[in-house]
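For reference, the structure discussed in these notes is given below.
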Amino acid sequence: MNSAVEAQLAELGIEGYLKQHQYKSLLRFLTCGSVDDGKSTLIGRLLHDSKQIYEDQLAAVHSDSQRVGTTGEKPDLALLVDGLQAEREQGITIDVAYRYFSTQKRKFIIADTPGHEQYTRNMATGASTCDLAVILVDARKGILDQTRRHSFISNLLGLKHFVVAINKMDLVDYSQARFEEIRDEYLKFSENLTGDIDIQIIPISALEGDNVVDKGQNLNWFEGPSLLELLETVDVDYEKGAGEFRFPVQYVNRPNLDFRGFAGTVSSGSVKVGDAIKALPSGKTSTVARIVTFDGDIEEAQAGLAVTLTLNDEIDISRGDLIVLENAQVQTTNHLLADVVWMTEQPLQPGRDYDIKIAGKKTVGHVESIRHQYDINNLSTHGAAELPLNGIGLCEWSLNESVALDNYQDCADTGGFIIIDRLTNVTVGAGMVKESLTELERGLADVSAFELELNALVRKHFPHWEAKDLSQLLKK
């Protein structure tokens, strides 16, 4: 047992400790930045100085530091999170590593993301579930391309809180002038980022522990908070509950003939018993009869809560549909603009069909055109015929059916989607909806002869499937 937990158990008892832990707020954050900026070492220092490391873990770190460490005589705290053999041998981070810890004020989930350019897709994956980005900068090297790239991706993925931690201050003699030079350079770069972002810039030394958990004695000229103080006090809970009610249906819960509910997680906003709702894309309406949870019925469900909704009317709702309040204005379209992060060696090519998964909805779509590709270094744009590995571009998409969706900045769950290769079933990209475009009309010219023949065959030999006549539908 680690010493922090021991102290709290001694003070509160087991019941008091569990109760206090249950009601703490949760912050998900990632560490990102360029290669060797000290991301893994910073997380190791956070865990070590907040007394979250077990004695056997610390002993293993001391032992491994002699064999594969990179910090000389000192224990290499990066080994606490760099667990893959290849990571330890090369002294780098490859995969996203998750660590969990808590203080008396808050619970944390940390995503330690890789700094190398070829692992940008791993960084984007880690950032997609986070509330805050800790962007590491080496005080000797200053702002690098990968610093800009990770800042841009974090901004693209809707993160509203950035902590820019200027690390390795011990290697520049804790120079205030060097800190202010890098701070001003980053603030100038950040003017190109979109949205209302809260940016905090602090000096730290992850190796020595200065200004990570405790202030230390070497940065007396800095009057701001330590990194842990910032993480404990940043307000993200309000943002999670803000916004209009969105409830993507994950599955229809039918345990017996007397119960039919719709299970899922509230993506944003809240819903109460008695609220008038509508299901999209059908537009059918009803009212909420019950909100069912594992612990029994509740009167109101907030964002982040997994529940089953039952309705007062038997309306047709299936997996992938979206439940919203009756007066909500939600776009339903098969034509959209989205920023895409491409994650595979084979480039994204316009015209090729991919499986698209938005919330619980799965459909098929293709890129009509790539409007532009972003230059990560200066955030400018240029034309592109295809999108390469780790490329980020604005693409115009056409889907095979209309889907209810939001802009990603308004609701990540209903505005974000993954792109899946139809042959290999591998996730090849991630998309963030920027704008819904005018719905495209599909005619008979868009349907192949094979699809029409297959539709006729199904209706003839499998009438109980109740398949619609495709040729008649497309004439309407």
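Glycine is no exception: its Cβ is also placed from the backbone N, Cα and C atoms.
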Residues flagged as region 'G4' in Swiss-Prot, choosing from 67-70, 167-170, 311-314: 167-170
Among ranges 33-40, 345-352, whichever one Swiss-Prot labels region 'G1': 33-40
Cβ-based isolation winner (fewest other Cβ atoms within 10 Å) among the binding-site residues G33, D36, K39, M169: D36
Same-chain residues near the region 'G4' (167-170), Cβ under 8 Å, at least 6 residues beyond its ends: 37-38, 42, 136-140, 178-179, 203-208, 210, 218-219
